[in-house]
Every structure is written in structure tokens, then in C-alpha cells.
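Participant: Before anything else, here's the structure in question.
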Amino acid sequence: MDAGKAGQTLKTHCSAQRPDVCRWLSPFILSCCVYFCLWIPEDQLSWFAALVKCLPVLCLAGFLWVMSPSGGYTQLLQGALVCSAVGDACLIWPAAFVPGMAAFATAHLLYVWAFGFSPLQPGLLLLIILAPGPYLSLVLQHLEPDMVLPVAAYGLILMAMLWRGLAQGGSAGWGALLFTLSDGVLAWDTFAQPLPHAHLVIMTTYYAAQLLITLSALRSPVPKTD
């Protein structure tokens, strides 16, 4: 897999010359609108709430199936989106927090695999360790002992995804950055101290991150045909 070519994005995703991109993104946009308009309270635990939360990410997986050239990069992104949807559903129920975190960790590993390791950019890795690393250490201080290891492991995987996304650049880099921001706010709000409007910030940056990473698969503007 050539990660450099795989990560090239269209300069104008929704230009007049590419109306299919906008058309096939409309289910994602509409499902996001439904989510934010319904704004189901977090204490209302139901499969309906899980479906409403998962639907935008599943729409992005469908978008890739229609619009993106077939290949390993696209398939890895689709797998990551499906794992993310599983994580979204699990996080509706507090008791399923660890399985949800495991699902998102799997999604990040698939993103790392998709982004590849060329160019390596070890200096960027050092910067990421020196920047989000202390924040992760601070969050870990607020955890119960049995949560330290899984959260630390997840944080390291997330930083690896950020490293490879930024190394690839383009919309993948911006998506990786927003995903890290979303998870950072979620971690602080969940484990350290409740933040005002945290849920709105978390979900807005999360959906934007998944969209940007998805768009990195558009190496070719031509929809797949049978």
C-alpha cells in the first residue's frame, strides 16, 4: 500500500464538478443533524439512542463503499468506522465503557495501519510524546487503579494514530488532530472534572474528525462501478 498516494485528498470535495460527493455525503450530514436536533440526554440509555449516535459514522462507511476506489486503504478505513460505531454504541452504557474503549482502540490501530509508516517522521513522534503525553499522565492520576492500564494503553494507541495521521498530512492529519482533541475532552470530563458543554464539543469534533479521515480516501473522484 502506498500511504502517500492513499492519503491524497481532493482539493475540492464538493465542487460543482463533483456533485456525487455532496450527494453521497448527505446521509452523513442529515444523520448528524438528527443527532444534534434530538440531543438525547446521556442518562437515557436505549438502543434508539445508540442507533442515532452510530448512524453518522455508519453513513461514512457507506459513503466510502460508494465513492472511494476499492483497495486496502479504503477497506481499513471502513473497518475503523465500523469499530467506531461499535464503540459509540457501547459508550451509551457506562457499564460497557471498557469494551467501547477497546472498540475505539481497534479503530485507531486500523487507522494507523491505513496511514502507514512512510514518511516515518520520528521528530513528530517526539513532539507528540512531549505534548499530549503529560496530559495523559495528568488524566491517569484521576483514575481508579483498575482503569489505569486500559486507559494508558488506549492513550498510547491514540497518540500513535495522531503521529501517523499528521505524518500523512491533508485531511487525515486534521482528522487525527480533531479525534485526539475529542478524546482529550472526553477523558477530562469523564475522569477528572465535568466541563461545560463538554458533550457538544466532544461529538462535534468527533464527527468532524471521522469525516476528514474518511475524505482522505478520495484518491479518485470517480465512484465505483460494477
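For all residues, glycine too, the Cβ spot is worked out from N, Cα and C.
So Swiss-Prot says this about it:
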TOPO_DOM  1-23  topological domain 'Cytoplasmic'
TRANSMEM  24-40  transmembrane segment
TOPO_DOM  41-46  topological domain 'Extracellular'
TRANSMEM  47-67  transmembrane segment
TOPO_DOM  68-75  topological domain 'Cytoplasmic'
TRANSMEM  76-93  transmembrane segment
TOPO_DOM  94-100  topological domain 'Extracellular'
TRANSMEM  101-117  transmembrane segment
TOPO_DOM  118-123  topological domain 'Cytoplasmic'
TRANSMEM  124-140  transmembrane segment
TOPO_DOM  141-146  topological domain 'Extracellular'
TRANSMEM  147-163  transmembrane segment
TOPO_DOM  164-171  topological domain 'Cytoplasmic'
TRANSMEM  172-188  transmembrane segment
TOPO_DOM  189-199  topological domain 'Extracellular'
TRANSMEM  200-218  transmembrane segment
TOPO_DOM  219-226  topological domain 'Cytoplasmic'
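I'd like these features described in context: how deep, what's nearby, how far apart.
Facilitator: Within the chain, the transmembrane segment (24-40) has long-range Cβ neighbours (under 8 A, six or more residues past its boundaries) at 14, 46, 48-49, 52-53, 55-56, 59-60, 62-63, 66-67, 203, 207, 211, 223.
Sequence-distant contacts of the topological domain 'Extracellular' (41-46) (same chain, six or more residues past either end, CB-CB distance under 8 Å): 92-93, 199.
This prediction places the mean pLDDT of the topological domain 'Cytoplasmic' (68-75) at 88.
Residue counts for the topological domain 'Extracellular' (94-100) under DSSP (helix as H, G, I; strand as E, B; rest coil) come to 7 helix, 0 strand, 0 coil.
Cβ atoms under 8 Å from those of the transmembrane segment (101-117) belong to residues 1, 3-4, 6-7, 72-73, 76-77, 79-81, 83-84, 86-87, 90, 150-151, 153-154, 157-158, 160-161, 164-165, 167-168, 172, 176, 183, 213 of the same chain, restricted to positions at least 6 beyond its ends.
Listed by sequence, the residues of this chain that lie at least six past the ends of the transmembrane segment (124-140) yet keep a Cβ under 8 A from its Cβ atoms are 148, 151-152, 155-156, 158-159, 162-163, 166-167, 180, 184, 187-188, 191-192.
Beyond its flanks by at least six residues, the transmembrane segment (147-163) meets 98, 101-102, 104-105, 108-109, 111-112, 115, 121, 124-125, 128-129, 132-133, 136, 139-140, 176-177, 179-180, 183, 187, 191 of its own chain at Cβ-Cβ distances under 8 Å.
Each residue of the topological domain 'Cytoplasmic' (164-171) gets a DSSP state, and the totals for helix, strand and coil are 7 helix, 0 strand, 1 coil.
A Cβ distance under 8 Å defines the sequence-distant neighbours of the transmembrane segment (172-188), meaning residues of its chain 6+ beyond its ends; these are 7, 9, 104, 111, 115, 132, 135, 139, 151, 155, 158-159, 161-162, 164-166, 195, 198, 201-203, 205-206, 208-216.
Helix, strand and coil residue tallies for the topological domain 'Extracellular' (189-199), in that order: 6 helix, 0 strand, 5 coil [DSSP].
Residues 6-10, 13, 21, 25, 28, 32, 35-36, 56-57, 60, 63-64, 67-69, 73-74, 77, 80-81, 84, 111, 165, 168, 170-172, 174-179, 181-182, 185-186, 189 of the same chain lie 6 or more positions beyond the ends of the transmembrane segment (200-218) yet place their CB under 8 Å from a CB of it.
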